Amino acid sequence: MDNSVSPQSSLVSVKNLSFSRGNKKIFDDISLEFERGKITAIMGPSGTGKTTLLKLIGGQLFPEKGIINVDGNNVHRLRRSELYNLRKRMGMLFQSGALLTDMNVFDNVAFPLREHTHLPESMIRTLVLMKLQAVGLRGARKLMPNELSGGMARRIALARAIALDPMMIMYDEPFTGQDPISKGALVHLIKSLNTILGLTSIVVSHDVHETAAIADYIYVISEGKIVGQGSPKEIQQSKSDWVQQFMTGAADGPAHFHYPAKDYIDDLLSTGKRY
Amino acid sequence: MQHTRTQDTLVGLFIASGIVGLFFLAMQVSNLGSFTGHDGYTITARFENSGGLKVKSPVSSAGVKIGRVSAISFDTTTYQSVVQMNIDAQYNTLPEDTTASVFTAGLLGEQYVNLEAGGSDELLKDGGNIEITQSAIILEKAIGQFLFKSASEKK
Amino acid sequence: MIEFLQHLGENTRTSFTKLGRGTFFLLQTLSGILSVLTRPRLLLKQMYSVGVLSFLIITISGLFVGMVLGLQGYYILSDFGAEETLGVMVAASLVRELGPVVAALLFAGRAGSALTAEIGLMKATEQLSGMEMMAVDPIKRIITPRFLAGFLSMPLLAALFSAVGIIGGQMVGSGLLGVDEGAYWAQMQTKLDFQDDIINGVIKSIVFGFVASWIALFEGYDAIPTSEGVSRATTRTVVNSAFSILGLDFILTALMFGDN
């Protein structure tokens with residue numbers, strides 16, 4: 001791939017992004033860069049709005065402040081048709097797979113092709129079988145989504161996401177709730193698709209080991225701020241207590257085990273209250 | 001693709017049966033089957049009192065329905081009720097001296113116009129007038145007259 | 001007291017906001033009609049799940065409603081010696097009111113709730129969102145075909161309901177109770193007007209189909225994407241559709257049969 005020739009090295013750049021839901025600030029003035037042809041991971045505890053970030057990049061949500069550029073386009077300034085054209089070049093793998101439940105595997109993978117191209121059915125078949133082969137599920141083409149295991153559903157969804165040969169894929173928690181074997185399969189797939197197809201990948205996850213194994217660069221986010229960034233090695237050797245706690249999975253640390261409450265002894269002794 | 005074919009057939013059957021239902025309502029249930037709106041000619045009759053006659057009330061002759069009332073208006077100079085009737089085209093041999101009267105079908109039934117053919121050789125044409133008319137019988141009036149008459153006979 | 005007023009104000013505002021969102025949703029849905037018409041297969045599939053699958057409940061209910069009308073009508077009319085007009089009574093009540101209204105209520109319960117649940121679950125499982133990310137407009141692709149199918153099926157279902165009901169009334173009336181069959185049909189034909197009764201009934205059912213489909217789809221699309229949210233939305237579909245259908249029926253009846 002000739003990504004090195006490209007004038008700017010980052011495909012997606014997020015500048016000074018702020019976003020809040022209700023009174024809760026989800027992102028507070030953060031900036032991130034996602035380099036072309038690389039796997040960039042965003043890590044952080046559950047509920048830090050990692051999925052929200054992907055939806056912001058995909059133009060499904062609007063930021064309060066800040067600019068998101070994808071391949072030189074300001075996502076939130078595009079007209080609707082331009083945004084849709086841009087989305088054809090962005091793949092997204094949802095946590096649940098988001099397969100259409102009333103179609104079988106084959107039709108699900110064929111869906112974007114049928115919606116966006118006027119290819120003859122024979123060519124669609126070839127393309128779909130190629131994509132299914134890439135994720136190792138060519139034999140499952142006749143199954144319905146409710147007959148698939150979680151890991152298979154995600155692999156089918158991945159085949160669908162690459163159906164239109166996008167320039168990038170966003171993975172939303174690809175490893176959550178998977179057994180070790182399908183985790184391994186997904187790690188392998190993300191890595192190999194990235195190198196073979198020359199994709200730019202954004203992986204949102206809180207699975208430390210799997211993500212560290214494939215990412216080229218990692219951002220660690222907590223409470224709307226970037227608390228650490230760098231290559232997996234740099235992150236693992238980070239001096240920040242918070243990052244250390246997250247990477248090692250310690251129960252207590254900068255992120256407290258206890259939900260904020262008043263003094264334990266006082267609480268037990270104050271009788272006469274219901275709660 | 002067997003599945004979609006059955007689906008197509010069922011949808012086809014559904015739409016067809018719905019249309020049959022609509023057609024049934026139109027032809028079998030409503031008056032559309034028996035009455036063809038503009039295929040006929042119009043005649044006018046003036047009544048002293050047209051009673052409870054309404055637009056679309058039937059017009060019949062010798063007990064057979066031959067048309068419908070198409071308009072009722074009030075003449076402000078003669079103070080009469082002007083009743084326009086649309087008569088089916090097939091009944092185009094009504095004589096000029098036909099009599100029109102407003103009758104009631106049964107004691108509680110609706111009112112209709114009864115045409116009684118005369119003996120003239122001249123026929124009624126489109127836009128023609130019926131000269132001889134008999135008004136609706138108003139029940140209260142009839143009873144009043146009857147009482148008045150029997151009272152005066154007793155004296 | 002002030003708290004109560006605040007609560008009331010808040011609720012009123014929420015419902016206006018929802019009405020606004022619903023209207024915007026409807027406009028987006030309608031704007032997709034042309035693109036659906038170029039792909040009739042999408043529409044056909046929905047006609048199947050909305051129309052064909054409601055066929056049985058509509059015809060069976062219609063038959064029973066007609067039979068009950070025949071029975072009840074006979075007992076009342078025979079007191080006046082007017083059994084002959086049974087056909088008029090059955091047909092007029094079905095064609096003017098019960099056909100459009102009961103068919104629409106059944107439609108809301110059978111097809112409407114299913115639509116809400118389907119759309120709500122698609123939202124909860126990120127299918128709608130996923131479609132958007134595949135650059136496919138879920139309103140045009142998912143909502144509009146369903147809307148059109150509901151809107152087109154409703155008058156057909158209502159006509160079927162009335163037709164089957166009239167036949168049911170005749171079965172009871174002349175089969176069981178001895179009303180003259182000829183009188184049953186003849187009285188009906190003289191009294192019922194094509195324009196005033198049949199067409200107005202069809203107009204009613206078109207309006208009800210429009211409203212019931214709109215409510216069902218919007219509640220699904222607007223549902224909170226959790227299992228609880230979807231089940232609540234399904235309930236709201238049935239309740240709101242019933243209210244709207246009955247309220248609109250009053251308004252339409254007043255407009256259509258008012259001057260007579």
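In case you wondered, yes, glycine gets a Cβ from its N, Cα and C as well.
TrEMBL labels come from automatic prediction, so no person has curated them.
As recorded in TrEMBL:
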- C:20-38: transmembrane segment (TRANSMEM)
- C:50-74: transmembrane segment (TRANSMEM)
- C:86-108: transmembrane segment (TRANSMEM)
- C:147-167: transmembrane segment (TRANSMEM)
- C:198-217: transmembrane segment (TRANSMEM)
- C:238-257: transmembrane segment (TRANSMEM)
#### Entry: Positions whose Cβ lies under 8 angstroms from the transmembrane segment (C:20-38), at least six residues beyond its ends
137, 139-140, 143-145, 147-148, 214, 217-218, 221-222
### Query
Any residues 6+ beyond the ends of the transmembrane segment (C:238-257) with a Cβ under 8 Å from its own?
96-97, 100-101, 104-105, 108-109, 112-113, 196, 200, 203-204, 207-208, 211-212, 215-216, 219
#### Entry: Distal contacts, the transmembrane segment (C:86-108) - CB-CB under 8 A, six or more residues away
54, 57-58, 61-62, 65-66, 69-70, 73-74, 77, 150, 153-154, 157-162, 165-166, 169-170, 173, 179, 183-188, 191-192, 197-198, 200-202, 204-205, 208-209, 212, 215-216, 237-238, 241-242, 245-246, 249, 253, 257
